[in-house]
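Engineer: A single structure is presented below for examination.
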Amino acid sequence: MSKLPVAPEPLSSPVFDSHCHLDIMVGNRQASSGDPVAQAAQAASATVRSILDDARAVGVTRLVTIGYDLPSSRWNADVAAQQEGVYAGVAIHPNEAHASTPEVLAEIEALAGRPEVRAVGETGLDYYRDWASKDDQHASFRAHVEIAKRTGKALVIHDREAHDDVLRVLAEEGAPEKVVFHSYSGDAEMAKKCVEAGYFMSFSGPVTYKNAGYLREAAEVAPPELMLVETDAPYLPPVPHRGKPNAPYLIPLTLRCLAEVKGVHPDRLCEAISANGVTVFGEW
Ligand SMILES: [Zn+2]
């Protein structure tokens, strides 16, 4: 597919993608007409196999595929059960929070108990979109915090324009042992709060964007022991592929940007992130 980004130079030390959506990439879920990136990803007709092969060819040897509603969570958990090097997250996304009924949450908790499911997410708060009311979002987020604590799985947080409330809810509920801010979008000040609380910050494509200096400042603050890297594929491709579908094989571009910001060799950052992966998601 000529429209797809070319593969970057392979990493010399392996790393993993802490957050992507295999089901959207392979077209298991129909992309909405208002979602050109997901449509383009699906037009590329990738398969789980080809996505994993492309990723491994550049040193991205493992990934976490993340659910956003009940069918998506089930699908991702099943794929993780079948595929070596794949773990899943299960949750109801804040944009779907109105769907978080007690019955649905009970099913999410049952899925979260499966061995190949290593995260409760993505959950959190999204004040950019008003698809679900704030009340529904808060109730759903708090319920997911409790599920993460009961199951001992990592809490993977979607925080869009809701930094203060996300931090407040975590403090009020008592944060689970392992907390990840997915596609970290805060500034350096917030990064300091995350460091203090021991929350992991997972950096995605936007850290490479010219106008996102605040994200690079946050990455400077974040110690390697609390950093993760992700694609959020098929969304948020790194420079120079903005507007095209993202995939785990583009992780090296974001990783190298982070290494440059940190002033460390990419291999060292890959090693730190891989170790963090074991801390957060367990042995692979
Ligand atoms: Zn996501």
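Any Cβ shown, glycine's included, is placed from N, Cα and C.
Automated prediction, rather than curation, is the source of TrEMBL annotations.
The feature divalent metal cation 1 binding site is assigned by TrEMBL to H19, H21, E122, D232. Taken from TrEMBL, the feature divalent metal cation 2 binding site covers H158, H182.
Show me how these features fit into the structure around them.
Structural biologist: H21 (divalent metal cation 1 binding site) falls outside any helix or strand according to DSSP and counts as coil.
DSSP assigns H182 (divalent metal cation 2 binding site) to a strand. Long-range C-beta contacts of H182 (divalent metal cation 2 binding site), restricted to its own chain and to partners at least six residues apart, with a cutoff below 8 Å, comprise S18, H19, I66, G121, E122, G124, V156, I157, H158, D159, S202, S204, E230, D232.
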Engineer: So which other residues, same chain and not among H19, H21, E122, D232, have a Cβ within 8 Å of the centroid of the Cβ atoms at the divalent metal cation 1 site?
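Structural biologist: Other same-chain residues near the divalent metal cation 1 site: C20, I66, Y68, G89, V156, H158, H182, S183, E230, T231, A233, Y235.
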Engineer: Can you check which residues sit near H21 (divalent metal cation 1 binding site), meaning Cβ under 8 Å from its Cβ, same chain, 6 or more apart in sequence, and list them in order?
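Structural biologist: Within the chain, H21 (divalent metal cation 1 binding site) has Cβ neighbours under 8 Å at T65, I66, Y68, S72, N76, D232, A233, P234, Y235.
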